[in-house]
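Input: a single structure, listed below in structure tokens.
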Amino acid sequence: MRKHSVKSAAIVGSALLVLAACGSNKDEAGGNNGGSCDTSKGTLTVGVVAPLSGNLSALGLGIKQSAELAVDEANKKCTVPGYKLTVSAQDDEANPAKGAQAATKLSTDPNVVGVVGTLNSSVAQTVQPILQEKKIVQVSPANTSPTLTRGAEFQTAPKRQYDNYFRVCTTDDLQGPFAANYLVEKAGKKKIAIITDGKTYGEGLAAELQKQVTKKGGEIVGAEKVGEKDTDFSGVIAKIKGLNPEAVYYGGEYPVAGPLSKQMKDAGLDVPLMGGDGIFDGKFVELGGKEGDLATSVGAPTESLATAKSFVEAYKAKFGKEDYAAYGAFSYDSANVIIGALAKTVEGGAWDESKREAMLTNVAAYSASGATGEVKFDEYGDSTNKVLTVYQVTSSAWKDVQTGEFTG
Amino acid sequence: MSTVAISEKRSALAPLGKPLAIAGGVLAVVAALLPWVTFSLNDGNWPDKSTLQFFDAPFLVTGFRWHMLLFGVFILVAALAPTPSRGRVLRALGWGTLAVSFINALYITIKGGGLGAITALDGEVAFGGVVGVVAGVLVILASYGIGIEPVADWKFKVSTPVAYLVLLVAFGGVLYAVAAMLTTGGVGASNPYAGAIFLSFLGFAGGVLAALSGVGLVRWISALSEEHRVFSVIVLAACALLLPFTDAGNEYWMTVAANIGIYAATAIGLNIVVGLAGLLDLGYVAFMGIGALVAANFSGAATAYFGFSLPFPVAAAIAAVVAGIFGAIVGSPTLRVRGDYLAIVTLAFGEIFTRSAQNDIGGFTNGSNAIPGIPALSLFGAEFNRSITIGPVKLPGGVLYYILIVLLVAATMAVFANLKFSRIGRAWIAIREDEDAARAMGIRTGKMKILAFLIGAMLAGLAGAVFAHKNGTVSYESFKFLESITLLAAVILGGMGSIPGAVLGASLLFVLPEKLRDFEEYRLMIFGLALILIMRFRPVGLIPDAHRRAEMAEKADENAEEAHVEARKA
Amino acid sequence: MSVLLQQLANGVIQGALIALIALGYTMVYGIIQLINFAHGEVFMVASYGGLATFTLLPDDLKKTPAVALPLMFVGGIAVAVLVAVVMERFAYRPLRGSSRLAPLITALGVSVFLQEAVRVWYPDATSNLPYPKVFPEGNLSLGAVNIPWTGVLLIVLSVGLSIILQTYINKSRMGRAMRATAQDPDTAKLMGVNPDRVIVLTFVFGAVLAGVAGVMFGGYLNNINIDMGFQNGIFAFTAAVLGGVGSIRGAVVGAFIIGLIKTLSGQYMPGGTQYDYVWIFVVLILVLVFRPQGLFGEPERVRA
Amino acid sequence: MSTPVLEARDVSMVFGGLKALKGVTLTLEEGKIVGLIGPNGAGKTTFFNCLTGLYTPTTGQVLLKGNVLPGDPAKVTDAGVARTFQNIRLFPSMTVLENVMVGRHVRMKQGPLASLFHGPAYQRGEKAARERSRELLAFVGLNGVDDELSRNLPYGDQRRLEIARALATDPAVLLLDEPTAGMNPQETEATQQLIFRIRETGVSVVVIEHDIKFIFGLCDSVSVLVQGELLVEGSPAVVRADPRVVEAYLGKPPEEVQHDVEAAKGEQA
């Protein structure tokens, strides 16, 4: 509250100064709000498409706010000379049709320079073609389905799907097998049970894991599904328990994974639960994630990355708490990709819609060190950052136990 | 109780009615010319030159201040000229003035950091908002002083050509209002004030509409349009097809309008089941999903079940038939199950559908990966999602979908209307009203109910087929319980059994969220609250079916009578 | 064998939870023929009410389960009752006597509203929240079958409260008034029963049970989320319909059947846990087709 | 002997352990009016429901012109038995004309497709139905109220509308359930005349009524039902004279009986 009034006082003060400088408040030529950067060329917009209402909104809000953080920083640092940047966040309600509408809305605005999003791969499927039509670059912080970049036959005959689509996160076909290797080879768990939440992310991840486990000589003893709104997993656990697995792999996100892990333990199934980056979140432990549970996440451990730490600190300073959720850092990087490419695109010139082509080239050539490690794209638009880390819950916190690249 | 309170207020305010109204009108005009905000806001100027100095450019008044100016003039006219049901008109205008002033002042206050932004506290003078609010309150008080008479009933008849002219002008006005509503606040994502501007515009439009309705014009025109039904429908369809040529004719609004149309067509189908036959269906969107899945599987998309593609009309027909078959199956327990129990059966079916689709049942749904990459429709080589150019006119992308969907909605409306006024429609309504009596009239109620489900599901399946191609992806996530509820709400909000009602309901439920994206966090909450309030204050819906309208009028008469009696007692 | 027994136990516990919610549905439906969709949200709100109570407690009380737990129940029930009474008074009562659909839509609106209100206004409610550990820990082990003590408590509370409720409705003056209103509101009114009071009381009873269920839910499963109301509400309503709407015994039996179907079909039916919901609804539809009034419902008399 | 239009043979109805009807037999000759009387709870309505197909008799049969009636009210109506209800059951938010046109439902043949496309044949059928409905409204004496909502009609008119609606199904037999309940003497008289006129059109009529005077003035034959059993059957004169009837009605002479019945009705309402 206090912060707010200080901020407003600052706004009021600076505005009054500007008005005083003009000598009268009749001056309607606007846009200059007293910042120190030159913003004479106007305002450009970074779009965000993510679920901002409904039950995935925690993840969506993390994406939105992290993008806002990146844009704020860029405005302060005058990253894009001559322009002020804003974020326009559109709710997709995790619904493909709503996502299409949100994307169309952004695509009709000539000042939109790029879009961060989406959370759900299924929504991405409707957003991709709409943005491609207008050659608007899309950088996803969270879509993990390999088909989005490399098509349905992504393993045998990869083919770039949309030249405007990039992502900074890892894909199921890397993360799943990486986890499988760890489970089977390093941890020596041969009998693995799979539980998924039935959504694109978890299903894709689990399917890729399953292939690799079998390849490495492990055994999938059972595959079960829980409802995405379920809270009582006793039935699934009892069933899995009868199969005597040595580990359980969960394809899904932490709101289900945490309680699932706890209920497993309570029911006497005390084997580690492993998941992907969707469960790599402090909340997982809070919600019941037990000692010894495992998760994979993209990039090297945060502690070893100065960029990651500074993101966390800046986020906390801006929003007061660390609710950037699972994809905040990726979203921050995504926004920075767009901003960085934009700076290069408008260097010495002005923005107009015809520059979108150049944006695509500049994003494809983008390379920098972000909050999640190296940010760079391969010929399909996937992140080249194939470094993955396995984390384990130790003393109620995630601790890295293995970092490396998936090599097959 | 409340009537007594009003009558007391009336006695106190009665002599002041006219002076108060005049004062309010003058104040509204003044407010329009006053500055509203003391400085330029963080995101740029509060729109439309609201920091303009006192009186220095009265002809540059635009945006919400133009609305205020109009309100002021209208109020003065209504107060001074002989106006039918003057109190009612003034009340509407007063509320409109209040709403516009309040919304703008509130937004400035919140965004600008306190009351300083709209007063003189910060050294500059900006009293526009305060004066506007006062003006609104004065006019509302004045209206109660004058007294709220019933809506005037215009008796005079006009010749057919004149009637046609009036209808043309009226529907033209509707078209203009719709286009203005869609485009207000800017089309793209750049205007940071879009949400507030839109709300302010709604305040203006609502006030004017209520005033026109109070003066009796709306009732007169709707009576005229019922008299010349065919002409009205043609003009209305023409207006709908003209929308792409207005300011709203851009890709975004074409997409939104097309989606609205798809849901409106579905809602009309649901209206057969709920509004005519009186059967509550809580899983209706599943039929749309089935239609979409069938069309997707025949579309030639990479992950479709069938490796070939069928021409769209054939695929759409199959989609409708398959959805219809499922409709009949779901409806079949109605042979034995009554009323609310049926609702739970439909709900169960909806849940079974989403669950099965999520699990890729039979390989038809591609599970959680959905079926992406459904090709856009095309006709003579023109892809429906591209923009097209006809001579000098460039039409936005998606306009062909829009036209297709307008035709779809028109066709669905025709189906609904024809069925409603037929032997079968009467049987449905009879079942809704009294099932035992309907059976005693020889109506095979079970058969009729299944028929309602079947036809409703077919319409939904057809809409689903268009949906699949329009959106390019079919995922179970588009057909969840909340969508069923939204559809049901559209039917009930618009008015059960009423055809324009379903379209209006669908439009509101899908346009408002689009316009209120600024408030996205509260969207669903507002949706819930709106459902409660509508049921509380207008349970028959916005455009009730003629029969129900009569019902409502009856009730209003009763209320008026009671109020009369009570007043006399007091 | 032990898996079967374990699944039976799991099913019974889930049934006990659903039963507590189902009673609220069945009573309200019995009295005013309204599917009170928002009842599931009352249960959800109660759970958050219990959690809020705990959060507000001073630290030393947080560590004494003997004090904290009862207070959480009080808090949860209080919130549930408040919400239910406000909802009845301002959302449903004005609609009494209007069409059958109007209150149903209102109920859906209340449901969406409550869910969103908690999500927006309760701190961090956008994601699951952990529930405090003030409940008895550990398991009751019967051979190979493990039943958490919270589950045992849930069963005891559920069965106990429904017996008390049944007795109250059968024996007390107010209970008679409720039954009379359910059967014929006009006649009951003539007999001096105040229908408004009876209806409010029905909502209150339902809310108390939902309050108990809400807090126990958190205790048994350690975490709560805003969707729990909808999901369990649907099950509970299904249970009420299965047992015969209006019947207390029916609701309880229906709830246990649903709990058992869910766990057993997940274990033994083709498709496994992917389709456990589907089986619940399939059974429901079959029961309704072959016994439309539900297991314990009165056969519907033809009005003529 | 000619086949009677409607014949109930030895109809019994058991609910749970309760025997509501015990072997009731009733015969209706073509062009006659039969009255059915009996004290409250005698099983009149149950018997009526057996005749209309709402209940299927536990034992026994109901025959229309020698054919067994199906156990479904809709099919019974189709076969030619129409009814009215004791407590009026109109379609309240349909107009008067629409109510009667619903009655024509079973005699119209337009299927879903015709209803969808409104072809010329459909238009003809619809027009015919509308005309027939107007005729019937005129026949029962309801003029100039075609477009009123049926719920807005006065009570007596609602009863007449119900009769018009039943006649619209072109029945061979019309079953009237307390057609004069709640009517004043003038209206009762008018109803009696209406029923006579209905008989003149060739429709046979069964009437349930509490008003014994009305029944005796109206019917060609009267059956008395007491505790589920047929007590007496015969012409009004015979029934009136039968001591068992008097006894069944609380052992009082007919005038007082009627008074009692009226009083009982008042309590019921």
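Using the three backbone atoms N, Cα and C, a Cβ is placed for every residue, glycine included.
Residues or ranges marked as transmembrane segment in TrEMBL: C:12-32 (among others). Here the transmembrane segment (C:12-32) has Cβ contacts under 8 Å with residues 39-40, 42-43, 92, 96, 103, 147-148, 151, 154-155, 157-159, 161-162, 165, 178, 181-182, 198-199, 202-203, 205-207, 209-210, 212-213, 216-217, 220, 232-233, 235-237, 239-240, 243, 245-248, 250-252, 254-260, 262-263 of the same chain, all six or more residues outside its ends.
Taken from TrEMBL, the feature transmembrane segment covers C:39-57 (among others). For the transmembrane segment (C:39-57), the residues of the chain that approach it from at least six positions outside its boundaries are 21, 24-25, 28, 68, 71-80, 83-84, 87, 110-111, 114-115, 118, 122, 125, 129, 131-132, 134, 206-207, 210-211, 213-215, 217-218, 224, 226, 228-234, 236-237, judged by C-beta separation under 8 angstroms.
The transmembrane segment annotation in TrEMBL covers C:69-92 (among others). Nonlocal intrachain contacts for the transmembrane segment (C:69-92), taken as residues 6+ away from its ends with a CB within less than 8 angstroms of a stretch CB, comprise 32, 34, 36, 38-39, 41-43, 45-54, 57, 61, 103, 106-107, 109-110, 114, 132, 134-135, 199-200, 203-204, 206-208, 210-212, 214-215.
According to TrEMBL, the feature transmembrane segment maps to C:104-122 (among others).
The feature transmembrane segment is assigned by TrEMBL to C:147-169 (among others).
If you look up TrEMBL, you'll see C:198-221 (among others) marked as transmembrane segment. Within the chain, the transmembrane segment (C:198-221) has long-range Cβ neighbours (under 8 A, six or more residues past its boundaries) at 13, 17, 20-21, 23-25, 27-28, 30-32, 36, 39, 42-51, 72-73, 76-81, 83-85, 87-89, 93, 131, 134-135, 148, 150-151, 153-154, 157-158, 161, 165, 174, 177-178, 181, 188, 228, 232.
Marked as transmembrane segment by TrEMBL: C:233-261 (among others).
Per TrEMBL, transmembrane segment is recorded for C:273-290 (among others).
Proximity of distant same-chain residues to the transmembrane segment (C:147-169), defined by a Cβ-Cβ separation under 8 Å and at least 6 residues beyond the stretch ends, is recorded for 9, 12-13, 16-17, 19-20, 23, 135-141, 175, 178-179, 205, 209, 212-213, 216, 219-220, 248-249, 251-252. Within the chain, the transmembrane segment (C:104-122) has long-range Cβ neighbours (under 8 A, six or more residues past its boundaries) at 34-38, 40-42, 44-45, 48, 52, 83, 87, 91-92, 95, 226-227, 229-230, 233.
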